[in-house]
Amino acid sequence: MKRAITITEVALRDGSHAIAHQYTTEQVAAIAKALDEANVPYIEVSHGDGLGGSSLQYGLSRTDEFELIETAVAVCRQAKIAVLLLPGIGTVKELKQAARLGAKMARIATHVTEADISAQHIAAAKELGMETVGFLMMAHMAPIDVLVHQAQLMESYGADVVYVVDSAGALLPYEVKERVRALKESIGIEVGFHAHNNLSLAMANTLAAIEEGATRVDGSVRCLGAGAGNTQTEVLVAVLDRMGIPTGIDLYKMMDLAEQLVAPMLPKAQEITRDSLTLGYAGVYSSFLLHAQRAAQTFGLDARDILIELGRRKVVGGQEDMIVDVAAEMARQKVAVWEGEWK
Ligand SMILES: C[C@H](O)CC(=O)C(=O)O
Ligand SMILES: [Mn+2]
């Protein structure tokens, strides 16, 4: 099967953020099986924040992620199961367990300036015989020369692919092009791109990345990813087919599973709302969306104000506890203003 572009389907990992990590074994079995039958080459399965993410800080999983990984491996005949790991949240112990259960790809994710913390995990994944991807998150936050250096570090640790990850859905197409072009010129391994649709640019940005030579891209069926979701896989397959770029994925099967399996399980349709738009506008990690909405409700605030303030403070993944801190501080300030007005 010829694939000019290799798509990794991330709804069973990134989509976990959108449903507060509530996947059931039955849902994962049905979706992974259908994706496999549609000939999707890689299916990522983990807690939204990667292996070991189930916690009060990031959100507790309804089902143990290893049970979900094992289930997905069991129902797939050709697709390889990928796992995400953020060093510090997940450890080599969890990586080994995922490999034992049959995961074949490890995506090691760090903030865009912190590739150095991935050395051990990339090496461990390679030793376990896994295809290994370096995943540079919040790529909009670093100048291009820094991104290039971080990608070179991941390559030197043994990564097979390095991804530019637009975690906030904040990048504009020309910024994606600059980044992918710079990586293509300075590293010798494949370059990938992961988008979020908060500014309605996921498809345009993915195509911009491909135009500059990215050969690995991510999609989520029915846009089931954090924030406004990722590049919609079934749409991407159709667009690439129109461009004469083979993905090896069966378009009708992809459309059918989106419509018949994924859409009915969504608590609400994935769309760009005022809050998810604010993520892209303010450059905030997409997985902060539900946390910020909950904090807004608790403290009687507008989630957009919290997100704008988090963007101003340049809060990054792993600092989820800051969401409540910032909201509490904003609520205190609001009360102080009211009290001042009553004096
Ligand atoms: C842990 C994050 O959700 C990883 C990711 O998909 C992103 O940064 O985007
Ligand atoms: Mn993502």
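Along the chain as shown, the residues are counted starting at 1.
Quick reminder: no glycine exception, Cβ is built from N, Cα and C everywhere.
According to TrEMBL:
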ACT_SITE  H17  active site, proton acceptor
BINDING   R13, D14, S167, H194, Y285  substrate binding site
BINDING   D14, H194, H196  Mn(2+) binding site
DOMAIN    5-255  domain 'Pyruvate carboxyltransferase'
SITE      R13  site 'Transition state stabilizer'
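Annotated features taken from TrEMBL, shown on the structure.
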| residue | record | contacts (Cβ under 8 Å, 6+ apart) |
| --- | --- | --- |
| R13 | substrate binding site | E44, V45, S46, H47, G48, G50, A82, V83, L84 |
| D14 | substrate binding site | E44, G48, D218, S220, L224, G225, A226, G229, N230 |
| H17 | active site, proton acceptor | G48, D49, G59, G225, A226, G227, S286, S287, L289, L290 |
| S167 | substrate binding site | M137, M138, A139, H194, H196, Y285, S286, S287, G317 |
Neighbouring C-beta atoms (10 Å sphere around the C-beta of Y285 (substrate binding site)): 30
Where the C-beta lies under 6 angstroms from ligand 2, the matching recorded positions among R13, D14, H17: D14
Additional residues around Mn(2+), ordered along the sequence, whose Cβ is within 8 Å of the centroid of D14, H194, H196: V10, V165, D166, S167, G169, A195, D218, S220, G225, A226, G229, N230, S286
Overall pLDDT of the domain 'Pyruvate carboxyltransferase' (5-255), taken as the mean: 98
Secondary-structure category, per DSSP, in which D14 (substrate binding site) falls: helix
